[in-house]
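Participant: Here it is, the structure in full.
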Amino acid sequence: MNFVIAIDGPAASGKTTTAKEVAKKLNITYLDTGAMYRAFAYYVLSNSMDIEDEDVINGVVEKVKIELENVDGQIRVLLNKEDVSDRIRNEMISQAASKVSTYPKVREHLVKLQREVGEKYPLVAEGRDIGTVVFPKADLKFFFDCSVEERAKRRYREYLEKGMDIDIEKLKKEIIERDNRDRRRENAPLRMAEDAILIDTTNLSKEEQIDIVIQEAKKRKAGL
């Protein structure tokens, strides 16, 4: 397997921003596993399927092909060859992605796709089970944590930048619900790998988060 950096953690803890920039600075591939679950959830919802019906969803797993492409420095998400990048970044899709991620057959299918990327390229992968399930032998593992209040503020700012207004208290509630669902699911729950480095990002800037990961990666590559 190629050199792999795994970053796990709950929603809005800084994983995505950090992983993207680290990949750019180290000139390696960025693998957004969360986007793959979002794309799968989008497929389910756009085809008017019942998100609660695991049997129905299991029946379409093999029909769903998800790819990540780098287009002019931007990661685009292709669902059965169609670019859905701009349609999967909203709270409805986020909640649906959390739900479908609890289904073992869906996870098995997407983990297989993720590992195929790891076999082809050195990469930074972020998600909730990267260091524990997807790439348990990753060269470097991190677990990002952050207070609910700070994560709600970050998510709130993201929505405002997109011209979307949402109640911050509602965001807090949804984040707590998502955390509980991710940590309690039977299949690949959100947890910190034993050999991961814990980083509390509550009071860290984006630049500080990125620098910590890059410095650790350089040390690991140097064999320190």
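Here the Cβ of each residue, glycine as well, is placed from N, Cα and C on the backbone.
TrEMBL: automatically predicted annotations, no manual curation.
Copying in the features that TrEMBL gives for the protein in this structure:
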DOMAIN    5-218  domain 'Cytidylate kinase'
BINDING   G9, P10, A11, A12, S13, G14, K15, T16, T17  ATP binding site
Participant: Taking the Cβ of K15 (ATP binding site) as centre, how many other Cβ atoms lie within 10 Å?
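Facilitator: K15 (ATP binding site): 28 neighbouring Cβ atoms within 10 Å.
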Participant: On the 0 to 100 scale, where does the mean pLDDT of the domain 'Cytidylate kinase' (5-218) fall?
Facilitator: 93
Participant: Fewest neighbouring Cβ atoms within 10 Å: which of the binding-site residues S13, T17?
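Facilitator: With the binding-site residues S13, T17, fewest surrounding Cβ atoms within 10 Å: T17.
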Participant: Provide the number of Cβ atoms within 10 Å of the Cβ of G9 (ATP binding site), excluding the reference atom itself.
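Facilitator: So the number of other Cβ atoms within 10 Å of G9 (ATP binding site) is 26.
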Participant: Near A11 (ATP binding site), which residues of its chain come within a Cβ-Cβ distance under 8 Å, counting only those 6 or more away in sequence?
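Facilitator: In sequence order, S94, R151, R155, I175, R178, D179, D182 meet the Cβ cut-off.
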Participant: Indicate whether S13 (ATP binding site) is helix, strand or coil by DSSP.
Facilitator: coil
